[in-house]
Amino acid sequence: MGGKPAFMTAQIVPVLPQTLALAAEILREGGLVAMPTETVYGLACDASNPQAVARLYEAKGRPHFNPLIAHVAAMDMAKQEAMLSEEAETVARQFWPGPLTLVLPRAATGTVCDLARAGLDTIGIRYPRHPAAQGLIAAFGQPVVAPSANRSGHVSPTRAQHVMEDLGDRIDLIIDGGPCATGIESTIVSFAGETPTLLRTGGIETSALNAAIGGHLALHTDDSIVAPGQLKSHYAPDATLRLNADAPEEGEAWLGFGPDSHTGLNLSPTGDLAEAATKLFAMLRALDARFDRIAVARIPNEGLGEAINDRLARAAYRD
Ligand code: TXA
Ligand code: MG
């Protein structure tokens, strides 16, 4: 699989026992498989295989200092890779399987290779809820590492077709599990230091997470990059974005939220934040393909709106 000719395009296959078995076989041979998760599509490879991981970084064009999340399909598999404090385990039991990644001290029994961890002694672990992701990891029998299946710096993929557009000529297989139900990446919280610290807003609302740990969640505020992937410009479309807009100006495409009468797309005409999250990346991709300037309506900064606004701010950021 490592030697797939560049001119071949990955096949998109449906979720079936035999396609998951094929995908697991490709992983064993060191190949790259795009899998659906409830957040966004991930690009999976054997977490223990440095050659496979090197190929994954290359396919994405991702800097090697940026560690990958290990995906598991059972609590035991998480414990093989990382040390969960009592508090971390409480949070894991409440939100797994689901859109939450825990950064934890690595366990001595861990199998995730150095390159995938970017040499750190911590590890990001997620137990996804999507049955196809669970089925693939179970068929493989070991953790897979899986960053979002986009080229580094692009908007994350929430449809199999997005993966095809970004990476189709660089990977071995794409499993089509339909549109992602959550649509934005997992919330990342670190339990590796003194206090639990939020590293990335995402599919689990910050307030729910904070409540689960008795209200002492620390927000990561200083400017050092704790999650190395959290660069200011990270979800960059080619188009320029104008945020918190009331209406499109001459020459701007419109991305609305809540009832409005403007021509363009709308993340949720009824103002539903969960619906907006599932549609965000697909609509950004669709507008970016056709327009140079996009005006985006104001999104309330509460609940999932926090993660949506975080992604929009990164998409709008220009050095
Ligand atoms: O929803 C998601 O989390 C998706 C799906 C595919 O699971 N994955 C995803 O992976 O968003 P990626 O690689 O695009 O983003 C992972 C983020 C990066 O910002 C990375 O720096 C951070 O997690 N990260 C991973 N391991 C870490 C660690 N040990 N310490 C701090 N940050 C870590
Ligand atoms: Mg990503």
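Cβ coordinates are placed from backbone N, Cα and C, and glycine is handled just like the others.
Bear in mind that TrEMBL entries carry predicted annotations, made automatically and left uncurated.
Quick caveat, the model's predicted, so the values are computed rather than measured.
The domain 'YrdC-like' feature in TrEMBL is assigned to 17-204. Annotation source TrEMBL lists L-threonine binding site at THR39, HIS71, THR122, ARG126, ALA146, SER186. Look at TrEMBL and you will find ARG62, ASN66, SER148, SER156, ARG200, TYR235 tagged as ATP binding site.
Overlay of TrEMBL feature records on the structure.
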{"residue": "THR39", "record": "L-threonine binding site", "contacts (Cβ under 8 Å, 6+ apart)": "PRO99, PRO128, CYS180, THR182, GLY183, ILE184, GLU185, SER186, GLY202, GLY203"}
{"residue": "ARG62", "record": "ATP binding site", "contacts (Cβ under 8 Å, 6+ apart)": "LEU56, PRO147, SER152"}
{"residue": "HIS71", "record": "L-threonine binding site", "contacts (Cβ under 8 Å, 6+ apart)": "THR37, GLY42, ALA44, ILE125, ARG126, TYR127, PRO128, ALA133, ILE137, PRO143, VAL144, VAL145, ALA146"}
{"residue": "SER148", "record": "ATP binding site", "contacts (Cβ under 8 Å, 6+ apart)": "VAL40, TYR41, GLY42, LEU43, SER156, PRO157, GLU185"}
{"residue": "TYR235", "record": "ATP binding site", "contacts (Cβ under 8 Å, 6+ apart)": "GLY153, HIS154, VAL155, SER156, PHE281, LEU284, ARG311, ARG314, ALA315"}
List the binding-site residues THR39, ASN66, ALA146, SER186 whose Cβ sits under 6 Å from any atom of ligand 2, in sequence order.
none
DSSP three-state assignment (helix, strand or coil) for HIS71 (L-threonine binding site):
strand
Taking each of the binding-site residues ARG126, ARG200 in turn and counting other Cβ atoms within 10 Å of its Cβ, which one has the fewest?
ARG200
Could you work out which of the binding-site residues (THR122, SER156, SER186) has its C-beta surrounded by the smallest number of other C-beta atoms within 10 A?
THR122
If you average per-residue pLDDT over the domain 'YrdC-like' (17-204), what number do you get?
97
